[in-house]
Amino acid sequence: MNAIVKLCVLLSLAFPLSALALFDQCQDLFPERQTPTTSLIGRDLCFDDFAVYYSPTDKKPIYTVERLNGRQLTQTRPRRTNQFYEEARVPAHERALLSDYRGSGYDRGHNVPAGDMTGEQGMAQSFSLANMMPQARQNNQGIWAKRVEEPTRMYAKRVDGDIYVFTGSTGNRGSIGKSKVTIPAYLYKLVYDPAKQLAWVYWIENTNEAQVSPLISYSELIQRTGIDFHLPLSNPR
């Protein structure tokens, strides 16, 4: 067995693939420490302020999760770094590369927004390519930033206690780069307020021409994505 093969085996053992995401080091980021279930195979990656369930085939997140509250978001914010980097914890053959996005016409779209980060370490980590998806440029900088991400932050600032936010993408519009990073057809953001027992979902087409569409229900999101987020809702709809 040559050195490269040995290294691949060791990496696979260190970060095993599974359809059961455990997130042992960051379960507190999930509502009642309950992680979602799905048939999609991925790798669970814990960061300081968020977690990523990463697809080794699509080379982008299956979903991400973060916990937000008004106290955090009203603190002095760290400077945005814009230092995108390749995620070393992901084996090389499953990794998105900086070169995949270069000249592709697609933005490196954050799942967990840099604008949600309240510390320098979290800010830096939010630029991992494991947290990125190929996103239509005007979508990323326009409707998604202004009509999805910012309203979510504003809601978190208004309410008492924590809210939980899951972000992901689904569908296939082709791929970019030598690594063949999947271009998703749709983007979503699920917001859950445990104190008010409310959950709602933004569902946006991944195009430059996308318009704000009506919110969809939590149950509809499960049906469309095949992911059960296990939100402890008294009346899930």
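Easy rule for this one: first residue shown is 1, then count along the chain.
Note: Cβ is positioned from N, Cα and C throughout, glycine not excepted.
Remember, it's a predicted structure, so these values are computed and weren't measured experimentally.
Feature annotations, reproduced from TrEMBL:
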ACT_SITE  HIS110  active site, proton acceptor
BINDING   ASN140  Mg(2+) binding site
DOMAIN    46-234  domain 'DNA/RNA non-specific endonuclease/pyrophosphatase/phosphodiesterase'
DOMAIN    47-236  domain 'ENPP1-3/EXOG-like endonuclease/phosphodiesterase'
SIGNAL    1-21  signal peptide
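The two recorded residues, HIS110 (active site, proton acceptor) and the residue listed as 'Mg(2+) binding site', show a Cα separation of 8 Å. A sphere of 10 angstroms centred on the C-beta of ASN140 (Mg(2+) binding site) encloses 21 other C-beta atoms. Mean pLDDT, taken over the domain 'DNA/RNA non-specific endonuclease/pyrophosphatase/phosphodiesterase' (46-234), works out to 97 on the 0 to 100 scale. Under DSSP, the residue listed as 'Mg(2+) binding site' is assigned to a helix (H, G or I) in the three-state scheme.
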